[in-house]
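A.B. asks: I'd like to ask some things about the structure below.
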Ligand SMILES: Nc1ncnc2c1ncn2[C@@H]1O[C@H](COP(=O)(O)OP(=O)(O)O)[C@@H](O)[C@H]1O
Ligand SMILES: [Mg+2]
């Protein structure tokens, strides 16, 4: 006897319940109850269970159990998966190529080429000798403690994912800024991408892409990190002075001229602020993505957690902090240069 | 006006709101601005505007804040679409234009100067001035050559490589004017172009505009809420209130014959002696023979009071280009100095 037997009888549904009673496997609770000799105690009122699927199933076999429901979801997902894969595989393939190619390049080039190249990039982006010096010291230190390869792997993944995020996010942001409807639809999606614990969307991704492909972690990182570029591109373009836009219209600019000659340049400080955040979020995600085979410093952190190798975890964690500071400083410094070049 | 109007606005209506067309019949039936807002939740922006603007003249549209001036001027280049009516430019209805034609109109026939300057902050003064020409596809070097000429003309030679934020408000608006002039358009729209400037700089800019207009003869549509500025610049004055034209015509005529208390209030606190001209007050020469002297038709009354030493018995012969055109009796002059109906609260409308 289960709690809700009476309810189904009262509703006259007993027959329907019996009809296709499945002799399926029992739940653990049922098993326990049975082994207890099926003692038919009346449940005290205070302990009345919530009428959940499992609970109702005990009184009425026609009602599915929760584990049946989860397996439906799984089957549903698996059945659409092939279709999804057919579409997603080709369009995400370039991501795999880019990630693998970039990793190959960074790992193949010798350290005495890569480090000076990075320093040159920092110099051109920031024109700050202090920052160049900081980056040099940091990388030489990481190399000295044999963390050069994972650090450069992490950096390589961040570069590629940021590149993809900007290449996709800026156009999406532009479209959003032009259509209030699109903005209304997209904002909740962006909110969700940003607030969902990252583990949650790793799960469907694992089923969609094989763990051996780099696009798995690439997609995970991009989904998470693309949000700020989109948001700030949209915001930046919407914040462009209405009077200037009106002047552009009054002088007969085409929407192309307006976009590239007025809106994007004036929104650039905001867009670059979005890129800075995207880089930082890529870094955060590339560590978590080591769970799904992303190489880099995250793997070492993971090893530290799994094997309780405290030292490995702490040192690689420190390496990540170092990278974070460098990336933030360098992007902020180049952002400031853009702002200074474009006074208001 | 015998010449064909350069810009002609016919029966123009603009209603702001969700379903402006549905409101038209009520508006045609004469529902007021307040009633339309209260009963139907629509804003009556403009109602039955009919204005002809002659080529080479400055038409000033004056009205209080919210009277629809900006809305009206933005109909000329269709930055705002009307609810009903026509806008003819050189006889062509711009409302029939497709996108490409409209763009051509904005690129070649009309330029605009804005109250808040609306310069591109990331471009230099020279690039800003060249904007109109670059937009329509001219070579950058050619465009900048023309732009430099106009910058020089408005007194900004040497500032080509500055950025707008490095200039004062008055100088920024000079860039705005150079940008408009560099487009070589016949028509110049100026929406409160000088309202954001300090009084002294404002006077300078008005003088600059008059000086430029002397040689360029553009068709200028100038918006202001300032009567002194309107009287200084206008060949044709249009007074707007709550979206309709209260009175339009020759400024001196409006000043002497205001047809609405709204205008009387406007005109009551200006220095009439400085604004009114002899030609507006003079009478035909009907046998008068004794003149104290000869004055020019375009002299203002202040000058005459000075000449006459305040003697109200004097009469002067009025000449224009050496020809006798009338007689000015000081008695008429004094009468003209008193507003038609003195207003009790003259400052409320300023
Ligand atoms: N987009 C709009 N939506 C609703 N009402 C508007 C809009 N634009 C202007 N108005 C209204 O139209 C009237 C005229 O505005 P405007 O042309 O800006 O006046 P002015 O330039 O003379 O100060 C005002 O009552 C204003 O509130
Ligand atoms: Mg206005």
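Placement of Cβ uses the backbone N, Cα and C atoms for every residue, glycine included.
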A.B. asks: According to TrEMBL, which listed range is transmembrane segment: A:103-122, A:243-262?
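C.D. replies: The listed stretch tagged transmembrane segment in TrEMBL is A:103-122.
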A.B. asks: State the residues, same chain only, that lie 6 or more residues beyond the ends of the transmembrane segment (A:129-145) and have a CB under 8 A from a CB inside it; answer 'none' if no residue qualifies.
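C.D. replies: For the transmembrane segment (A:129-145), the sequence-distant neighbours (Cβ-Cβ under 8 Å, at least 6 residues beyond its ends) are 111, 115, 118-119, 122-123, 151, 315, 319, 322-323, 326, 329-330, 333.
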A.B. asks: Suppose I define contact as three or more CB-CB distances under 8 A, residues 6 or more apart in sequence; do the transmembrane segment (A:187-210) and the transmembrane segment (A:308-327) meet it?
C.D. replies: no
A.B. asks: Do at least three CB pairs under 8 A connect the transmembrane segment (A:103-122) and the transmembrane segment (A:308-327), leaving out pairs fewer than 6 apart in sequence?
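C.D. replies: With fewer than 3 qualifying Cβ pairs, these stretches do not touch.
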A.B. asks: Using a Cβ cut-off under 8 Å, which residues of the same chain at least 6 positions beyond either end of the transmembrane segment (A:103-122) come close to it?
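C.D. replies: Sequence-distant neighbours of the transmembrane segment (A:103-122): 128, 131-132, 135-136, 139-140, 143, 148-149, 152-153, 155-157, 214, 295, 330.
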